[in-house]
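Per TrEMBL, these features apply:
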- Glu1220: active site, proton acceptor (ACT_SITE)
- Cys55: [2Fe-2S] cluster 1 binding site (BINDING)
- Cys94, Cys97, Cys129, Cys131: [2Fe-2S] cluster 2 binding site (BINDING)
- Leu240, Leu241, Val242, Gly243, Asn244, Thr245, Thr246, Ile247, Asp343, Leu382, Arg401: FAD binding site (BINDING)
- Gln727, Phe758, Arg872, Ala1040: Mo-molybdopterin binding site (BINDING)
- Phe874: substrate binding site (BINDING)
- 212-406: domain 'FAD-binding PCMH-type' (DOMAIN)
- 368-387: transmembrane segment (TRANSMEM)
Amino acid sequence: MVVSFCCCCCFYVKIVEKNADPEEMLLAYLRRKVINKCDFIIFNPCFSHWSVTACLQPICSLHGAAVVTVEGIGSTKTKLHPVQRIAKAHGSQCGFCTPGMVMSMYTLLRNNPQPTTEDIRETLGGNLCRCTGYRPIIDGFKTFCNTLISCQNGDRNGKCCMENSNSHNNESDISGELFSMDNVLPLDPTQDLIFPPELLIMGKKKAERLCFQGEKVRWISPADLKDLIKLKAEYSNAPLLVGNTTIGPKMNLKGTVHPLVLYGGSIPELRTIKWRNNGVTVGAGCSLSVLKDVLLQGIEELGPEKSRVYQALVQTLQCLASKQIRNMATIGGNILSANPKYDLSSILAAAECTLHIVSNGNANIFGIYLYIISHNFLFAILFFLIANPCALQWEFVSAFRQAQRREFSFSIVNSGMRVTFRHDSNVVENLDIFYGGVGPTLVKARHTCKELMGRKWDEKLLVVGTQLLEEEIYVPPTAPGGQEEYRKALVLSFFFKFYMQEVGMNDLPLEYLSALKPFKNEVPQSSNDPVGRPNVHQAALQQATGEAVYYDDIPSVKGELFVSMVTSTRAHAKIISIDASMALAMSGVVTFISAKDVPGQNRRLWFNNPEELFAEEEVICVGQIIGAIVAETREQAKRAAEQVDITYEDIQPVFFTIEEAIEHQSFFDPKRKLERGNLEEGFEKADHILEGELYMGGQEHFYMETQGLIAIPKGEAGELELYVASQHAAYTQEVVGITLGIDSNKITCHVKRLGGGFGGKVMKIASLSAIAATAAYKTGRAVRCVLEREDDMLITSGRSPFLGKYKVGYLNDGTILAADITYYSNGGCTLDESSFIMEKALLHMDNGYKIPNLRGHGLVCKTYLPSYTAFRGFGGPQGLTIIESVLHEVAARCGLPAHQVRDINMYKDEKCYTHHKQLFSPHDMVRCWNECLEKSDYTHRCLSIKQFNAHNHWKKRGISIVPLKFGIGFSKGFYNQGAALVNIYKDGSVLISHGGTEMGQGINTKAIQIASRILKVPMSSIHIKETCTGNVPNAAPSAASFGTDAVGMAVKDGCEKLMRRLEPLIKKHPQFTWQQLVTYCQKISLSATGFFMGPHTSVDWEKSDGNAYYYFTFGACCSEVEIDCLTGDHKNIRTDIVMDVGRSINPALDVGQVEGGFVQGIGLYTIEELQFSPEGVLLTRGPSRYKIPALCDIPPQLNVHLLRNADNPHAIYSSKGIGEPPVFFGCTLFFAIKEAIAAARRERGLSESFPFSSPATAEKIRMACEDCFTRMNPPDRKVKTKPWAINV
């Protein structure tokens, strides 16, 4: 096999691989052999440029291809490629996703040097980012299509505030824009890489059969079509692989092994496209991207009337998977898989497309539906597809789908429908209705179609049709994925939509027309207030070029081993035996470790609660670590871990939900309470009493870089080096020391950077580090631990689910006199940080509201789930959301606008006290609220929404605005400290070490800015290498939005010490340059430690008294949404945020944190849903089942304004911590959705008060918009069975 790789700037490296492993994917190969890092690649065969998913691209499929990685297009050492300007636009935070963004855009520019914004949107639709909120990425790339970026502070004519002389203030350090494209290289396609001539010559030679033999799999690439047919006849059970998007995930994730694989990607005939009189013939090996381009060409040539099938197919393809997957996936593989979640089969079947099968020299023609329901899909043979455009005047075809996310998500239900009317009439001559997602395979509504033929297409047909469909299409409660009631509602809603489409716009009520228009995905249009110095992230260029190193990019150490965890499959059971003999006999396996191999302590106490490293006698959740396999390679360790046999004996009780824990009175200590005023008096004076509850689901961190580390024993005095992805290196060091029984001074933790953390890499990584360290201790060799995404989600858990139960007393004008709220959180099986999370929820239960009589109880439920842990916001969003729900419900009961009720209850005195008696001024919070009302044009938009809702029956809009008061720092005072080490070298350069962790928030960049300001040296002369426990010991975790406050003050202290030492010299020699000063031989120490002893914060929980936080960050947010009442889909239309960040040190970073936090909140409140089986198994593991916000979820208008003239005397340079607070703003979408649902219910004569839990998924929205379709399956007809998933 011959491949050319471009992994170094601007030239190819020829690779000849004679023993390619069929099981090895390109990503693993690149890491192992060519370069240390490749997040994304370009596959460039024969002048076509395709971005692909490297972890699914088999190395054996790349014979004769040229592969370009992010390292190959530009470098900080030579020159950058223009596409890497994303760094200058602040489009990189943690940077782990940046190479993928760069390479996707690079591919687009290679194929289209002048893209449109829609081209960019489609290209980046499959690139996920957990940090930035996508806006700066889009802004950077939009510069290639000459799209102007507007200023939000300008006038209504689009003029910038600077043009209007409306400067923000008179400070000299104001920047007029967040980024500038000055000195950026223009795109010059002539300077890009050419296809290697040697491969070009090789491609013209006659193809030969290629064979590769791996440990378990044999790979054959046939020479031509005839050879393929012969091989398929000889090996009928061998799957035919082209794109590997179906077989690949099964091999990678489920361990499926096929002894022989036939590769058809090199056969030209399989990619053939031929236009015919009755349609187009498409080869089965044609990619979905090519198919889409072909169909668009057909639409353009045939016109809208004759291309209805093509239009329906394109509509489906645009939402199918991602651009990268569509570049790989083939039409043949999509149909052969027969997965009911795949959308194409239903519309192809409805369009009466046919399959031409070639086998053993024989040709057969099948209709798609008959083929799907009657063949062995995995081993089906070679075929072609014929798609017929809809040429008949009275024939209509439509496709429908609803998914968890509009793009890059499997559909929950999909449908293809076709109707033919008798000439010049509305009488149905023929009707076909197909559904995917309602059965194990594609389902045809045969009986319904038969009964409706010959009828007029009118309301009577609609009534009969829905009744027939309700009876014919059955979704059992045990169906994979659950949601049986919602799926049934979608079946009927899709049919109703199809009915309306074919009735014609002239015959439909005007208020129904909007239901026919699907939501359009748009590129976010926004800009941000220029305040301060928007310096580029210190490592942005390295991240954009692939030079930035993460823990798994560190080159292999000689003799390095890999560890894979063996986890429990039972929720609560006694361990009877552990048998690792079969695993130990496997090739490459070195050892198995468990509790008996721990040299120190396997069990440790965390605030008087026991935590086990390895489960020893009993397991208390599915996913608990029992042992670990250590092997020579990742693959060997993973396979062997699956062969460890564990015998259990189940123990009762076992329960998983908050309600069950309440029933069993299963709670962790301590139980917390805060109270002010007299609740009894408050309730007596109230006009009304309201009781209710709100459930908030949990959330997975889904950092781009999974948890892991490298443990390297040094072989001397028990020393150990850990290169670890940790937000709290000192705690990791401590836990490893306890586990190994050695002192902390022999353990050094290094943290270069994290590919995202969000609180998830504080606690759990310490246990993983201890396991890897134990393996290194036992074997005497370096051990690398890298969790697979599914294992990471199973083992490490995420944000705690919460249940808030409340009783509220209020007046007729909406004033709340008393509120009694009990918070329950699901803590899982061990305490972890759940008690601190609950405390934060209680401390934020008042938000910005002065409720005179307020009481909150907090109980952490002990269940048999993996223990929940810290997540950005740390209980704050849950506590804030529940009180906002109270305000929302009070407004609904009073018949008042929600913003009016919020306003009347708000803290407004110059000096106020929180419910825990902390003094603060709400002045800036009220300013944020008022500015948000003004900048969002709230009053006018409320009127517009009312008008929209009056004229649209099946689509409704809602708007919501909330204030925010968020405590910054740790309520446990001992964590509020920071330390740094500042070294000045004789050449004038400065090296800073500090105790914080860089994970995208820009803590290093701000530290460098602070040092530059004090030392009066350019930022380019200052460097931060890493976080290291050997340089700065005993550091606090990077969390609680306190990193810059603590580290910044420590760096400032260290730099000021150095300047005081240099001050006599500066006075004596004022003419000296910086370099002369530091090289002058005056015996002055040029190394200084800096320390910040933060505020004493604490709460007396018995007295409900204490200064819990250093200070408060304020803000306000307004969001508008539109919902589709028939499907539950929703679109985020616009969001306006006003944020008080004090005097921003770096507005680009702060705005990025605001946007990134808000988008994470979009996921928390609307998309991200964790599902557990009734046995306690996490079902939503991995990106195919768990969806985080993608580009399609970002509001087209996302406006962030930083509050002017806001000071904060408590923190570094009057700035404020900003990392956590904006997550809560996602709740504005939740309440806006609730307002939209209420509008729909009001129109239907239903109550505007209804149960509605977070996240507001499509299922919940649809079922809350009750109508004739949802009521066709009444509760008394439901069969009581074990559900697919439970709310924990």
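The count begins at 1 with the first shown residue.
Glycine is treated like the rest: Cβ placed from N, Cα and C.
Note that the structure is predicted; figures quoted are calculated from it, not measured.
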The one of Cys55, Cys94, Cys129, Val242 whose CB sees the fewest other CB atoms within 10 Å, among these binding-site residues: Cys55
Residue pair the residue listed as '[2Fe-2S] cluster 1 binding site', Asn244 (FAD binding site) - Cα distance, angstrom, rounded: 10
Extra residues within 8 Å (Cβ to Cβ centroid of Gln727, Phe758, Arg872, Ala1040), Mo-molybdopterin: Gly757, Gly759, Gly760, Val762, Ala870, Phe871, Phe874, Ser1038, Ala1039, Gly1219, Glu1220
Any further residue of that chain within 8 Å (Cβ to the Cβ centroid of Cys94, Cys97, Cys129, Cys131) of the recorded [2Fe-2S] cluster 2 site: Ser92, Gln93, Gly95, Phe96, Thr98, Arg130, Thr132, Met704, Gly755, Gly756, Gly1000, Gly1156
PLDDT averaged over the residues of the domain 'FAD-binding PCMH-type' (212-406): 85
Residues that sit under 8 angstroms from Asn244 (FAD binding site) by C-beta distance, when 6+ apart in the chain: Leu56, Gln57, Pro58, Ser61, Met328
Closest of Val242, Arg401, Arg872 to Cys94 ([2Fe-2S] cluster 2 binding site), Cα positions, binding-site residues only: Arg872
Asp343, Glu1220 as recorded positions, winner by CB count within 10 A: Asp343
Proximal but sequence-remote residues of the same chain as Gln727 (Mo-molybdopterin binding site) (Cβ under 8 Å, at least 6 apart): Leu754, Gly757, Gly759, Lys761, Val762, Ile765, Thr997, Met999, Pro1037, Ser1038, Ala1039
Among Phe758, Phe874 [binding-site residues], residue with fewest other Cβ within 10 Å: Phe874
Minimum Cα separation from Cys129 ([2Fe-2S] cluster 2 binding site), reported as the residue among recorded positions Thr246, Asp343, Arg401, Phe874, Glu1220 that achieves it: Glu1220
Proximal residue to the residue listed as 'substrate binding site' among binding-site residues Cys97, Cys131, Thr246 (C-alpha distance): Cys131
From recorded positions Cys97, Leu240, Arg401, Glu1220, the one whose Cα lies nearest Phe758 (Mo-molybdopterin binding site): Glu1220
Neighbourhood of Cys131 ([2Fe-2S] cluster 2 binding site), C-beta criterion under 8 angstroms, separation at least six: Gln93, Cys94, Cys97, Gly756, Gly1000, Gly1152, Gly1156
List of residues, in chain order, with Cβ under 8 A from that of Arg401 (FAD binding site) and at least 6 apart: Thr316, Cys319, Asp343, Ser411, Val413, Asn414, Ser415
Neighbouring recorded positions, C-alpha within 10 angstroms of Arg872 (Mo-molybdopterin binding site) - of Leu240, Val242, Thr246, Glu1220: Glu1220
Farthest-apart CA atoms of Gln727, Phe758, Arg872, Ala1040, residues recorded for Mo-molybdopterin, distance in Å: 12
Alpha-carbon spacing, the residue listed as 'active site, proton acceptor' to Leu240 (FAD binding site), which is rounded to whole Å: 49
Rounded distance in angstrom between the Cα atoms of Leu240 (FAD binding site) and Ala1040 (Mo-molybdopterin binding site): 52
